[in-house]
Amino acid sequence: MDQHQHLNKTAESESSEKKKTRCCDGFKMFLAALSFSYIAKTLGGIIMKISITQIERRFEIPSSLAGLIDGSFEIGNLLVIVFVSYFGSKLHRPKLIGIGCFLMGTGSILTALPHFFMGYYRYSKETHINPSENSTSSLSTCLMNQTLLLNRTPSEIVEKDCVKESGSHMWMYVFMGNMLRGMGETPIVPLGISYIDDFAKEGHSSLYVGILNAVAMIGPVIGFTLGSLFAKMYVDIGFVDLSTIRITPKDSRWIGAWWLGFLVSGLFSITSSIPFFFLPQNPTKPQKRKVSLSLHVMKTNDETNQTTNLTNQGKNVTKNVTLFFQSLKSILSNPLYVIFVLSTLLHVSAAIGSFTYLIKYMEQQYGQSASQANFLLGIITIPMAAVGMFSAGYIIKKFKLPLVGIAKFSCLTSMITLLFHTLYFPLICDSKSVAGLTLTYDGNNSVASHVDVPLSYCNSECDCDDGQWEPVCGSNGITYLSPCLAGCKSSSGNQKPTVFYNCSCVEVTGLQSRNYSAHLGECPRDDACTRKFYIYVALQVIYALFSASQITLSVLLIVKIVQPELKALAMGFHSMVIRALGGILAPIYFGALIDRTCMKWSINSCGSRGACRIYNSTFFGRVYLGLYLALRAPALVLYIVFIFLINKTFQEKDTKALDNESKLMDGANLEFLSNSEHFVPSAGADGKTCNLHVKDNAVAS
């Protein structure tokens with residue numbers, strides 16, 4: 001009998017161990033799958049940010065509209081965040097995350113699809129690219145202009161091309177794809193973190209969250225690397241003969257293979273969704289046993305409880321709604337929380353808007369290609385962001401900073417980043433010397449406005465199209481809008497690099513060299529601007545370090561300034577405000593102000609204004625940096641007010657606590673004395689009162 005009991009016990013212990021290992025394996029599988037989804041999430045986000053400038057050029061849209069496309073991710077996120085927050089914990093969380101990853105990948109692929117339906121990219125109004133046609137023959141010089149007028153595309157063909165070319169409304173597919181990606185990304189973080197918090201061992205959840213955030217940094221590394229690689233590839237690679245493409249990656253009309261990044265990130269997201277569909281809803285839940293009696297008992301219990309649940313459901317809904325509005329009123333009446341939300345809104349708006357157009361800024365200000373800008377950002381941003389976030393957490397833990405200390409540390413880092421940002425203003429380069437925009441066409445005088453600059457005697461007889469953008473760099477260091485407007489009479493033909501000769505406008509300002517030629521493309525930046533770029537990169541390293549540290553600090557602050565039971569609501573409302581007013585609006589108004597600095601707009605196949613070809617780099621720099629400063633300065637003021645209120649609040653709490661302690665002590669003494677019939681002080685050996693003698697008891701001091 002004892003042997004039989006011993007065998008049963010060993011069998012039970014073995015089955016319990018199997019359940020534990022099964023639970024452990026299920027949780028580890030979930031953690032591994034969630035890590036891949038985090039990488040997919042950050043990869044898709046970086047691909048969109050670094051591709052926004054090329055999307056702007058490909059679809060011939062202004063920067064403000066490109067900003068709206070970028071903000072569509074937040075729109076999709078806001079559309080489903082309430083559903084995910086409310087129903088997520090009640091449904092199968094791993095499957096919901098899997099569906100989200102699948103939608104995220106589908107959205108990325110949808111973003112890339114317009115590339116396959118738009119036809120070949122035409123970087124010049126006179127260029128009609130055909131896979132078997134050499135496009136260099138359509139270059140317009142001063143003497144070739146009459147021939148070009150005869151060979152231009154008829155208006156009927158242009159109108160047909162309007163639907164298929166960049167000027168159409170196919171950018172809406174990119175908008176919808178990015179919005180779908182935002183919808184898919186929504187359940188990953190909240191449901192993933194809650195799942196870890198529910199089923200991780202006690203005290204291990206913070207470690208797992210830290211591991212996830214560290215693993216997520218792989219996404220931006222891959223994104224910047226792929227972005228740098230794809231930006232070097234021509235947009236129609238694999239479809240056209242690349243030997244016929246006469247522009248280079250540094251040309252303002254160059255578009256890289258932006259669609260490849262979205263295909264890669266989309267396929268990666270869809271692949272990362274597969275494991276979630278095979279994971280259990282609850283890794284600790286035992287397997288169902290086929291016992292008819294227990295099932296019958298469960299059914300009867302369910303039937304008896306069903307009617308009571310239905311009657312209580314209506315009451316619970318109204319009660320939950322009432323509690324929700326009371327909780328919302330509680331956090332919105334908290335001045336610390338309101339000021340913190342406003343401060344972070346201004347801060348995050350500045351960060352999102354500036355990062356969206358950072359590559360455009362590096363291109364226009366310092367003459368860097370998109371590939372070079374992506375590579376440098378990948379080297380600078382990722383390591384410094386990781387170091388900054390880790391350093392902030394380490395300093396808080398090392399010095400055991402209280403709430404006031406965390407707020408002061410965050411304010412200090414904000415001041416340092418603002419100081420380094422002001423150092424960018426002296427690094428703004430002078431505007432390029434462009435005949436017809438900043439200079440007269442003869443190159444001798446500057447112009448007050450870039451609008452309707454009159455032709456000069458060196459090109460007035462060429463009958464040029466002043467709307468054409470085919471920039472050439474003269475031997476005098478001045479950029480001309482086209483070979484025709486430079487007065488060039490002949491060219492080297494199909495040879496690369498393409499050189500134009502006998503340029504009459506270059507001849508006027510190049511008397512010493514007598515080399516009146518120009519080569520295709522804009523003139524490079526001078527040495528002074530290149531030196532400024534190196535200083536800018538060095539400052540960007542320090543700036544990224546301190547900026548990233550504020551991410552950790554803001555998360556710690558928001559959960560400490562509200563009541564513990566309101567932490568989830570406070571973080572959710574904070575996230576909603578940041579996404580709605582920061583993530584959606586910031587790229588739009590940043591882009592709208594950047595559009596105002598444009599000097600030369602492209603004309604698309606429909607005859608309407610397309611993307612900007614060249615900006616007034618000085619004005620661009622002042623607007624870009626000034627708007628960031630205009631948002632960050634009041635954010636810093638609000639932060640100082642926030643620290644003042646924290647100090648005041650904690651001092652009041654300390655004084656109230658001391659008053660309460662003294663009142664409690666006085667109350668205890670009075671209660672003690674009232675319970676005694678009488679007391680008399682007695683003197684000790686030194687003559688001082690040291691004992692209290694009570695009628696029934698003696699209390700020795």
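Here the Cβ of each residue, glycine as well, is placed from N, Cα and C on the backbone.
Any TrEMBL annotation is an automated prediction that lacks curation.
On a predicted model such as this, the values are computed, not experimentally measured, just so you know.
Per TrEMBL, domain 'Major facilitator superfamily (MFS) profile' is recorded for 30-650.
What TrEMBL lists as domain 'Kazal-like' is 452-507. Remark: secondary structure over the domain 'Kazal-like' (452-507) totals 4 helix, 10 strand, 42 coil, with classes taken from DSSP.
The feature transmembrane segment is assigned by TrEMBL to 29-52 (among others).
Residues or ranges marked as transmembrane segment by TrEMBL: 64-84 (among others).
What TrEMBL lists as transmembrane segment is 96-117 (among others).
Taken from TrEMBL, the feature transmembrane segment applies to 211-235 (among others).
According to TrEMBL, the transmembrane segment annotation covers 255-279 (among others).
With a threshold of 8 Å between CB atoms, the same-chain residues lying at least 6 positions outside the transmembrane segment (336-359) that come near it are 49-50, 52-53, 63, 67, 70, 370, 373-374, 377, 414, 547, 550, 554, 557-558, 561-562, 570, 573-574, 577-578, 581-583, 585-587, 589-591, 594, 624, 627-628, 631-632, 634-635, 638-639, 641-642, 645-646, 649. The transmembrane segment feature in TrEMBL is assigned to 336-359 (among others).
When Cβ-Cβ distances below 8 Å are used as the criterion, the transmembrane segment (375-396) is approached by residues 50, 213-214, 217, 220-221, 223-225, 227-228, 358-359, 362, 368, 405-406, 409, 413, 537, 540-541, 544-553, 556 of the same chain, each at least six residues removed from its ends. The annotation transmembrane segment is assigned in TrEMBL to 375-396 (among others).
Sequence-distant neighbours of the transmembrane segment (403-424) (same chain, 6+ residues past either end, Cβ-Cβ under 8 Å): 347, 392, 395-396, 536, 539, 542-543, 546-547, 549-550, 553-554, 556-557, 560-561, 621, 625, 628-629, 632-633, 635-636, 639-640, 642-643, 646-647, 650. What TrEMBL lists as transmembrane segment is 403-424 (among others).
Residues or ranges marked as transmembrane segment by TrEMBL: 533-559 (among others). With a cut-off of 8 Å between Cβ atoms, the residues of this chain six or more beyond the transmembrane segment (533-559) that come close are 337, 340, 344, 347, 351, 366, 368, 376, 380-381, 384-389, 391-393, 396, 403, 406-407, 409-410, 413-414, 416-417, 420-421, 423-424, 427, 525, 567, 570-571, 574.
Taken from TrEMBL, the feature transmembrane segment applies to 571-594 (among others).
Sequence annotations record features per position, and here TrEMBL assigns transmembrane segment to 625-646 (among others).
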Test of understanding: applying the rule of at least three C-beta pairs under 8 Å (pairs 6 or more apart in sequence), is the transmembrane segment (29-52) touching the transmembrane segment (96-117)?
yes
Relative to the transmembrane segment (625-646), which of 29-52, 64-84, 571-594 accounts for the most Cβ pairs at distances under 8 Å?
571-594
Taking 29-52, 64-84, 211-235, 571-594 as candidates, which has the most Cβ pairs under 8 Å with the transmembrane segment (255-279)?
29-52
Under 8 angstroms, Cβ to Cβ: which one of 29-52, 64-84, 571-594 has the largest number of such pairs with the transmembrane segment (211-235)?
29-52
Report, as numbers and ranges, every residue of the chain located at least six residues beyond the transmembrane segment (64-84) whose Cβ falls under 8 Å of a Cβ in that stretch; write 'none' if there are none.
45, 48-49, 52-53, 55-56, 96, 107, 171, 174-176, 178-187, 190-191, 353, 356, 572, 575-576, 579-580, 583-592, 595
